[in-house]
Structures are given as C-alpha cells and as structure tokens.
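What follows is a single structure, written as structure tokens, with notes after it.
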C-alpha cells in the first residue's frame, strides 16, 4: 500500500514535463541536481532555528529593548473570581450584555465591575510589549540577512536580468552550492515559524498567516523537487526585500520612536506594493505562466506551482489592503499602528467610580456639561 502511494506520488508526469524521467536529473558529468532527500535536513535545522531564536531573544533582543527604552504598560490584574473565570475560559472572552447581567447576579458584582473584570482579564492575556519587540527583532534580523544573502546568490546570474534565462535548458539545470544553502535556510526558517506560531503573538490575520506559512513551505519544497530553483530564488529574494522593513518599523513603534516608525513604514509600504503587487504578478508570475509553454506542454507541476503562486498573491492583496488603511491614517496625521493587532483596552476604574458619583471629569475635576457620558 505504502509503496503504491509512493510510486504514484513520485510519478514523473506529476513533476516533470513529458519525455523526461528522474533518471535525466541524476548527477553526472559534474552536474548536480536537487533531490527530495536534501530537504530532510530542514526539519532539524528548523529546531536549531528555534534554539538560536531563544538565545537571540534572551541575550540580544532583551538588552536591545532596554537600550531603546521599551516600556511596558502597567496592567491592572483582574480580581480572582471563580464564576467569571469559568465563563471566560469555557464560554466567551467577550460576554454579551445579557451574559454580563446574568454573571452580575451569580458573582455578586455590579454590571460595571463585571465589564471591568473582563477588560482586565483580556488585557492579561495580551502579549507584553517586550514579547512583541523580541519577536520583531528576531524576524528583522533573519529577513535582513536572508535578503542580503539572497541578492548575493542571484545578482550575478543571467536570469536576474533576463527572466527567459530562468527556463533556458530546463529542467537540465545544475544546482549551485549557494542555491542549495539559500533554499535549506529559507525553508528551515519557515518550518520554525510554523512550529512556533501557536506561541507567537496572535494577530487578526492569524489564519492567513498559517495559510501563508503552509503555502510557502509547499511552494519552496515543490520548486525544489521539480528543479524550479532559478524561479524559486527570485521569488524568495523578492519576498525578503520588504519583510525586514516591516519588522524594523514594529521595533521602533514598540520603542515609542513614532516618527522613525512612520518614516520606515512609508518606505515599507512603497517597497511592498512595488514588489508584491507589481513585480511579482507582472514579471515573476508572467515568467512562470507563459515562458515555460514555449519549451514544453503544460503538465501537473506547472499548474500546481502557479496555483500556489496565486494563493500567495491573494494573501498579498489582502495585506496590501491593510497596509493602505494604515497609510491613510499616516497621511491624515494619525499614529501608524499594525491593523492586525488587537488594541489594549483602557481601564480607568477610579475615574469610572468618580463618574458614577459626580458625573464626567475633566483633568480630575467634575464638568458642568453633562450631555456626554464617558463610555467604557
């Protein structure tokens, strides 16, 4: 059974153009080709990345956060309450008004106290500013190094300047050592991101992030199996070109350097839109969709590779929408924030109590105009 599935999976017609077999891609005459077994090393490398990340965040990112004066917000803890905690854990973190009133009766708290308890409890579960800074620092470091390394791998190659060279002689294209290590490191890193996604900072696009990581891993792996290495290196370098800018903007945002953050974000937005919405679809995808058909008839691998490219492009359009929304806020003079992050909920309990007694406050003093009430 296993042997049958294995044979179907590695059927040449799935991976290679017509009239070619795996025997055509065996090492000979000084030529070295990509092999599926090469990718086994990426799993232990992914766990090594997790170890390196832990050491980096502890001994590099944390001291750097101190130098940049990354300050944590003071969070008021929710008073222990078994009734409210049970509802929070088992039912909902955002109770409806009817639930709040029912919980008020069960717990012996007022409606306002129940609402305040849930705000504080949700804030307790939100990741700390230091955790966000450390995570952004790690990704910034990797993406910057990966982008520099990727450019070093491809900048002197003819297919960097003429995309028709990507398919010249395909699939009989020998693999270079630099291409091997570029692939292994990139794939290992994305495996590590997938392994750590449950413990990383969760944002509103959590599901899209999972889809992105899985699609990237499949795309990198498939391009390796099918010897789409030249196209693969171009795509990876193109993606790394903007990612390090976003992570650096996050770092300065967490450090409170608003002007620096906003300036970097504008550069990032321009690079992202140019690379992901212009160069990728109109140059790279044009190269992968049309140029191969001049050499061989379409086969399953051709369709599969380009389908995964469409999945990635769809995610790019989604993220471009969020980026444009943030850019609009910047243009209108508002502070640029990550649209994917949940905002910290304010909790001015003492002020709320004063409001209940004396009406709205202005700088700590009651105001006479009581037409507008402070809302939670």
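Each residue, glycine too, has its Cβ placed from N, Cα and C.
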Match it up for me: which of 178-198, 241-261, 304-324 does TrEMBL list as transmembrane segment? 304-324
Range annotated transmembrane segment in TrEMBL (choices 3-20, 21-38, 39-56) is 39-56
TrEMBL lists transmembrane segment for one of the ranges 210-229, 330-349, 350-369; which is that range? 210-229
Across the DNA-binding region (69-129), what is the average pLDDT of the model, as a whole number? 83
Outside the transmembrane segment (210-229), six or more residues from its ends: residues with CB under 8 Å to it: 15-16, 25, 33-34, 36, 38-39, 170-171, 173, 175, 179, 183, 186-187, 190-191, 193-194, 197, 235-236, 288, 301, 304-305, 308-309, 311-312, 315
Mind pulling out the one from 39-56, 140-160, 304-324 with the most Cβ pairs under 8 angstroms to the transmembrane segment (264-284)? 304-324
